[in-house]
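Per TrEMBL, the features are as follows:
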type: BINDING; residues: His16, His18, Glu119, Asp241; note: divalent metal cation 1 binding site
type: BINDING; residues: His162, His190; note: divalent metal cation 2 binding site
Amino acid sequence: MFFLKEKKKLMLIDTHAHLNFSAFDKDRNILIEKCLKNNIWMINIGTSYETSKKAIEIAESSPQGIFAAIGLHPINLDTGLVKIKKDLSESESFFLEREFDSEKYEKLAKNKKVVAIGEIGLDYYWKPKTTRKKELFKQKQKDLFLKQLSLAQKLNLPVIFHCRMAHTELFELLKSKIKNKKSKIKGVMHGFVGTLEQLQKYLKMGFYIGFNGIIFKEIEGINFRENIRKTPLERILIETDC
């Protein structure tokens, strides 16, 4: 949640929402109406072409207060190498794509309601068992990520990063893309789950850090309290990830 004062009113911006998912089909309009009435704005985040289109559609339904991000989430890439268990409540929002169609996504990204590319990144939670397939799986995700980073750089849009069990590889890919000030990438580490050392690397690269409800979980090797304490207040974004 990002705080914004406009005309002496306190505004709240949920920087990472998914009201574009089918789970909200029945009460989406009611929720949006309540949010806007209480000065809560939002950015709905795409995870596939279809959910990205839906995020834009929702944003266009309101003259202000609702924005969109577009992108292909790593687990929505159909590598043909792993089966992913889907929550039945979100199954209609889970669209696998065999490849990233840069032209289609770029057309979406040029919509005036789109404020970022995301969520994109690496996710190694579900992966093949054999070494050969595992490496191929990771490479496919890396290729997808780099293509979307290039799109963000081309359009000068910030990036919403998703990273699960892959901080080392993600950091190396970011370093390879950021050669100088002209190629600098702006963005936020969404739902950050990592060590203090990893956090400091991202802060040094100029990124914002997103925190959501996962901070209340106990995860081995992760000290959320320390991470929050060490993150400058002006670099923290609070998300619902609803």
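Including glycine, each Cβ sits where the backbone N, Cα and C put it.
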Densest Cβ environment (other Cβ within 10 Å) across the binding-site residues Glu119, Asp241 belongs to Glu119
Candidates His16, His18, His162, His190 (binding-site residues); min other-Cβ count within 10 Å returns His18
Whole-Å Cα distance, His16 (divalent metal cation 1 binding site) to His190 (divalent metal cation 2 binding site), is 8
Between the C-alpha atoms of His18 (divalent metal cation 1 binding site) and His190 (divalent metal cation 2 binding site), the distance in angstrom, to the nearest integer, is 13
Rounding to whole Å, the Cα atoms of His190 (divalent metal cation 2 binding site) and Asp241 (divalent metal cation 1 binding site) are apart by 9
Spacing of the two Cα atoms, Glu119 (divalent metal cation 1 binding site) and His162 (divalent metal cation 2 binding site), in whole angstrom, works out to 6
As a whole number of Å, the Cα atom of Asp241 (divalent metal cation 1 binding site) is distant from the Cα atom of His162 (divalent metal cation 2 binding site) by 12
Same-chain neighbours of the divalent metal cation 1 site, Cβ within 8 Å of the mean position of the Cβ atoms of His16, His18, Glu119, Asp241 and not counting those residues, run in sequence order as Ala17, Ile45, Ile160, His190, Gly191, Asn212, Glu239, Thr240, Cys242
